Amino acid sequence: MYKLLMFRDDKLLRRALTHRSYVNENPEEGEHNERLEFLGDAILNFLSGEYLYRSHPDRGEDELTRRRSALVDEKQLAKFAIEVGLDFKMRLGKGAIRDGGYQNPNLLSSTFEAVIGAYYLDNNSNIEAVRAIIEPLFESVPEQIVVVRSNVDSKNRFQEWVQRNIGPTPPKYLTEQIGGFSHAPEFKATVLVGEKEYGEGIGKNKKDAEKAAAENALANLNKQELLP
């Protein structure tokens, strides 16, 4: 059995594996895992941030933020959940199982967070015990996957945020060449919504500059705690 599933308190592990849908169908089971999920999410954000801070001393805040998002996004946490054997151990309601819950990335990732939170409590709130489990998982993610995920669709992600929070008006990118050479120009892009500037970025072509501006806009929103 994977070490993450070795608990002193079996009831705590059972609660971490129990989804709300199971409790709805079995009220006598008591508490579901959402409070533990909240705790695990906070722990994973801290440990991933600390791990990246130590392992990438040459990276700036924006890139570290993007890399952390890639390490603890739903897709990656779901993979971790399967790797440690959580998938068919999840306690789901019949409807969730019928809808493919054991393969559902959202359920897998949230259960993984809950088990991390529970493991922390089971080890007397010792963060070192969790670090010993989670850092090898972080290290197992190929660098190329982290890079690709951290840079994927930043313009689309920002546009989706605008549509959800402001309205249908798409972001506008103002791009100009600011220097470089004819064979290696340098461009600067500024992204606006209406008349408000949200971010800016520099790149070797217009596309890269606009992507950097969108990434900067997302980083600014994250600082203001405006991203989900």
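Keep in mind that glycine also has a Cβ here, set from the backbone N, Cα and C atoms.
Source: prediction; values computed, not measured.
Features reported for this protein in Swiss-Prot:
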- 1-124: domain 'RNase III' (DOMAIN)
- GLU37, SER110, GLU113: Mg(2+) binding site (BINDING)
- ASP41: active site (ACT_SITE)
- GLU113: active site (ACT_SITE)
- 153-223: domain 'DRBM' (DOMAIN)
Tally of DSSP helical, extended and coil residues in the domain 'DRBM' (153-223): 30 helix, 28 strand, 13 coil
Cβ-centroid neighbourhood (8 Å) of the Mg(2+) site, GLU37, SER110, GLU113 excluded: ASN33, GLU34, LEU36, PHE38, GLY40, ASP41, SER109, THR111, PHE112, ALA114, GLY117
Number of Cβ atoms other than its own within 10 Å, given for SER110 (Mg(2+) binding site): 25
Average model confidence [pLDDT] within the domain 'RNase III' (1-124): 91
Count of other CB atoms lying within 10 Å of the CB belonging to GLU113 (Mg(2+) binding site): 27
Residues in the domain 'RNase III' (1-124) grouped by DSSP into helix, strand and remaining coil: 91 helix, 2 strand, 31 coil
